[in-house]
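Asker: Found this in Swiss-Prot, in case it helps:
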- 1-24: signal peptide (SIGNAL)
- 25-436: topological domain 'Lumenal' (TOPO_DOM)
- N106: N-linked glycosylation site (CARBOHYD)
- N298: N-linked glycosylation site (CARBOHYD)
- K310: ubiquitin cross-link (CROSSLNK)
- N352: N-linked glycosylation site (CARBOHYD)
- 437-457: transmembrane segment (TRANSMEM)
- 458-464: topological domain 'Cytoplasmic' (TOPO_DOM)
Amino acid sequence: MAARIGIFSVFVAVLLSISAFSSAQDLQIVNAERRIDLSSHIVKAFLTLKVENIGKDPAAEMLLAFPPTQIKNLAMVQALATTGKKKKKTYLPLDVKPTEQPDAPNDTGYYRVTFISPLGPGETVSLEVLYILTHSLEPFPVEITQSESQLVYYHDSAVILSPYHVKQQTTFIKTPSTRVESFTSIEPANRAGKEIKYGPYENRASYSYTPVIIHFENNSPFAVVEELVREIEISHWGSLQITENYRLTHGGARHKGVFSRVDYQSKRSVSGASSFNALLAVLPPRVNSVYYRDEIGNISTSHLRTGFRKSELEFEPRYPLFGGWSATFIIGYRVPLEDYLFEASDGRRYLNFTFGCPLVETIVNKLTIKVVLPEGSKDPSAVLPFTVNQELQVKYSYLDIVGRTVVVLQKDNVVPTHNVPFQVYYTFKPIYMLAEPFMLVSAFFLVFVASLAYVHIDLNIVRK
């Protein structure tokens, strides 16, 4: 705890020294409102900005700054330009990309937001920014018994970190319950129920930073998938086979002492409040042949609900998960090929499927998606709305001659917001669909010829 406060102090000192001799900015933030949701272990922050160009030249972009304690846990940043008011408000997505600044103070991280059109001198633009943080709630105490609730720390700043002068700003922090052990008070600040309000603060210089710490109760399931490998195998004969291998852990306060299943079943509201014994996976519609198993075998404690827009699989591991406990399991299912495989205007075929993890409110530390293309596929390419690591592999299956091309997509720090469609394009000649049937027919024909020859060949040494 003292070490964290020391790091914050050094960070603030460096920011003040940098801002003292920063050059004048062409932009300023007229008003900023930030709302931070701490209801689950995935921290969501909604930032509303009104930006003004106070320079003499048009501005085509602006910077969003994040402290080093957040940049390493930043899962996603999105920005929208807004026009109109209330029901007539329209939203236009903006291009947001990570960037580096040579004079960044103390490892501050930046994202560059490009405006739809350059912002002229004296003009203003309204933006709405969403950024998501993972692993930002620190359990304290770090170990709890089965009967104790989970308390966590959240570290942030009462004012937003920005390379621009901020005329007025307010921060609202929402906790999951009214139990708040303590919070840093930076006047004006007040707390009402589940909400803590910091501000309004006026005329804060660039790179202002006022650290705050909130200690509160959070018993939401800290479900963390250490590694998820999803294999999507395309068969032009009628279906997609999806196999998902999970290595799941509870990322909250570690469990100490003995586990009593009797207390867990009879006193569910107070025993193991931060544990979880069931998970919900949102699967595509029209799924079939669904199975759920672990190292021991199939698990029957699952319920599948199918619908027109989605399917939901609710299942229970063999034992409830407390802090520090882990479980490994596999989910598999099939979906109709015609729902996800299409033909582009240039003749190429492409798979349109959902990226991310089907489990609700789950962090995935490492996600690997393997798209297994039919044998004979060429020129594969993947299209995604964000950056991922890509590579090609080869997989051999039954009756394969040259193997099947596998498009491998890998991304770290994945959250539910990443569950968006992606496409994999490839070229395929229909003649290749006859390769495996031809091999089977050829094999049966050779066996038939060999059998026929064996019957008619005389192997006797002496002629009868």
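Positions of Cβ are set from backbone N, Cα and C atoms, glycine also.
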Asker: Between N352 (N-linked glycosylation site) and N106 (N-linked glycosylation site), how far is it from one CA atom to the other, in Å?
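Answerer: Counting only the Cα atoms, the answer is 42 Å.
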Asker: For N106 (N-linked glycosylation site) and N298 (N-linked glycosylation site), determine the Cα separation and express it in whole Å.
Answerer: 51
Asker: Under a criterion of Cβ-Cβ distance under 8 Å and sequence separation of at least 6, what residues of the same chain contact N298 (N-linked glycosylation site)?
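Answerer: Spatial neighbours, sequence-distant, of N298 (N-linked glycosylation site): Y291, Y292.
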Asker: Going by DSSP, give the three-state secondary structure for N106 (N-linked glycosylation site).
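Answerer: Helix, per DSSP.
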Asker: Count the Cβ atoms, other than its own, that fall within 10 Å of the Cβ of N106 (N-linked glycosylation site), considering every protein chain shown.
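Answerer: There are 17 of them.
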Asker: Within 10 Å of the Cβ of N352 (N-linked glycosylation site), how many other Cβ atoms can you find? Include all protein chains, please.
Answerer: 13
Asker: Validating a neighbour-count step here. Other CB atoms within 10 A of the CB of K310 (ubiquitin cross-link): how many?
Answerer: 13
